[in-house]
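These features come from TrEMBL:
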type: SITE; residues: R13; note: site 'Important for substrate specificity'
type: ACT_SITE; residues: D75; note: active site, proton acceptor
type: SITE; residues: T76; note: site 'Important for substrate specificity'
type: SITE; residues: Q158; note: site 'Important for substrate specificity'
Amino acid sequence: MSISLILASASPRRTALLDQMGLSHRQFPVDIDESPLADESPEAMVMRLAEQKAATAWQRLSAAGETDMVVLASDTLIAFNGKPLGKPADREDCFTMLRSLSDNEHEVLTAISVKDDQGSKTQCICTKVQFAPVSDDDIAAYWDTGEPADKAGSYAIQGIGGQFVKSVSGSVSSVIGLPLYETRCLLKEFGISK
Ligand SMILES: Cc1cn([C@H]2C[C@H](O)[C@@H](COP(=O)(O)OP(=O)(O)OP(=O)(O)O)O2)c(=O)[nH]c1=O
């Protein structure tokens, strides 16, 4: 009996990172409400969202008769001054986020959640990122590239936004959406390895 790995995500970056690990999988995107709850910490929020993505995918696939699967889901948020920053709602929101990140340090939180028929486990990985000073002209030009729109905190370290990053302490793959080392360890606990 072979167990199939399901990635509960629409993200092209997360599937590419799993490919990088040599783990064959199938993408099964789930859309959930990603709004924060009142007074919820960034860590509690990112873990709740990853867990909910995994549980939702699991329920839908089980209802469709799928068995022998392990579901992996992930969520990425920026924590700045104790507040969560997700994807920008619009250009103005991107300006607000990048102005606050400019010349400051922030944390990128990625939660990974794995579920099978025995239960689930969720873990949060924190990476510190120091931003260089970013001007309004930089932000305007960056917004026009289209890159910030679907990225937590309005930037992509692996793309054009990498030029705003002075230093990183922690996992770079986690900033991009899936921490390779921790994902490998967690999946191993659920019987998935290369
Ligand atoms: C900070 C940062 C975020 N990101 C991305 C990672 C995540 O894909 C995205 C945050 O959105 P998420 O809601 O975590 O994920 P998603 O909507 O892309 O995919 P899904 O929910 O279907 O799994 O921001 C980068 O690619 N580079 C970066 O430097």
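Including glycine, each Cβ sits where the backbone N, Cα and C put it.
The CA atom of D75 (active site, proton acceptor) is located 17 Å away from the CA atom of Q158 (site 'Important for substrate specificity'). Taking every protein chain shown into account, T76, Q158 are the recorded sites, and of these the Cβ with the most other Cβ atoms within 10 Å belongs to T76.
Annotation note: R13 (site 'Important for substrate specificity') sits in a helical segment as assigned by DSSP. Classification of Q158 (site 'Important for substrate specificity') by DSSP places it in coil, neither helical nor stranded.
D75 (active site, proton acceptor) has a Cβ environment of 27 other Cβ atoms inside 10 Å.
Cβ neighbour count for R13 (site 'Important for substrate specificity'): 19 (other Cβ atoms within 10 Å of its Cβ, all protein chains included).
When the alpha carbons of R13 (site 'Important for substrate specificity') and Q158 (site 'Important for substrate specificity') are compared, the span between them is 10 angstrom.
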